[in-house]
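Database features (TrEMBL):
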- 21-36: compositional bias 'Basic and acidic residues' (COMPBIAS)
- 140-242: domain 'Late embryogenesis abundant protein LEA-2 subgroup' (DOMAIN)
- 1-45: region 'Disordered' (REGION)
- 81-107: transmembrane segment (TRANSMEM)
Amino acid sequence: MAERVHPAAPEPANQPQPNHSESDAKSKFDSGEHSNPRSSPTPSYVIQIPKDTIYRVPPPENARLYKNYSRPKRGCSFCRVLCWFVFFLILLAIAAAVAAAVLYFVLQPKAPSYSIDSLSVKGFNVSQTLIASPEFDVSVRAENRNKKIGIFYETGSSVYISCSGQQLVSGQLPTFYQGTQNVTVFVTALTGSNVQLTSTVRDALIQGQNNGRVSLYVSIDAPIKLKVGSVKTWKFTVKVRCDVTVDKLTADATVVSKDCAYSVKW
């Protein structure tokens, strides 16, 4: 005889359902069923872009911007030219300095020296009148100590003698060539015409003669040219300034003391 099967009683509606996802995930984690994330395949994505976006013509503003940025700058060109010009000047200065140093060591230039050897006076009787026309013969000693440089004394020189600031006589040096390592003594005639002496100068000259020490000032400006081999340089000016003391104002005057300074104006 067959058994009667009764239907199962329905479960209450408010009974909570088990969370299969959390329990399943936990069981899989505990059992080691999770796969290594490194072995999982990298996901790929497909992005679709409309054709009008890809093949779109750039706006005109882009062309103007491109021209502005690609156009060469005038300021940059000027800066480059200026930099090259400054660089050229620096190179030129360095080359000139090197050439001058080489010439200096090769030639070993030395400044010529000058002094007053003697001084003769005529027609100068200051005790009788304040107006005089004196004549001075000045013997100048010039020494060229250079071994490779000669000296040309050119025209246009000037020589004068003064006392207490008043010029008495004037003249010029002779023109001549002075060779290397040479000493030349030349006489220069100086004259004064109707010189009106001041009372201060006349008193100083009379007192100097009485004491045997007449102080005079000799000034020489001589244009010269140097000769190196067969080459002549441009003009230089030799300036000689001497304080000379003589015992009297006569033809047989003797130089008691002298102090000369000289320089070259390049």
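For all residues, glycine too, the Cβ spot is worked out from N, Cα and C.
Sequence-distant contacts of the transmembrane segment (81-107) (same chain, at least 6 residues past either end, Cβ-Cβ under 8 Å): 146, 148-149, 228. Averaged over the domain 'Late embryogenesis abundant protein LEA-2 subgroup' (140-242), the predicted model has a pLDDT of 94. Per DSSP, the domain 'Late embryogenesis abundant protein LEA-2 subgroup' (140-242) is made up of 13 helix, 63 strand, 27 coil.
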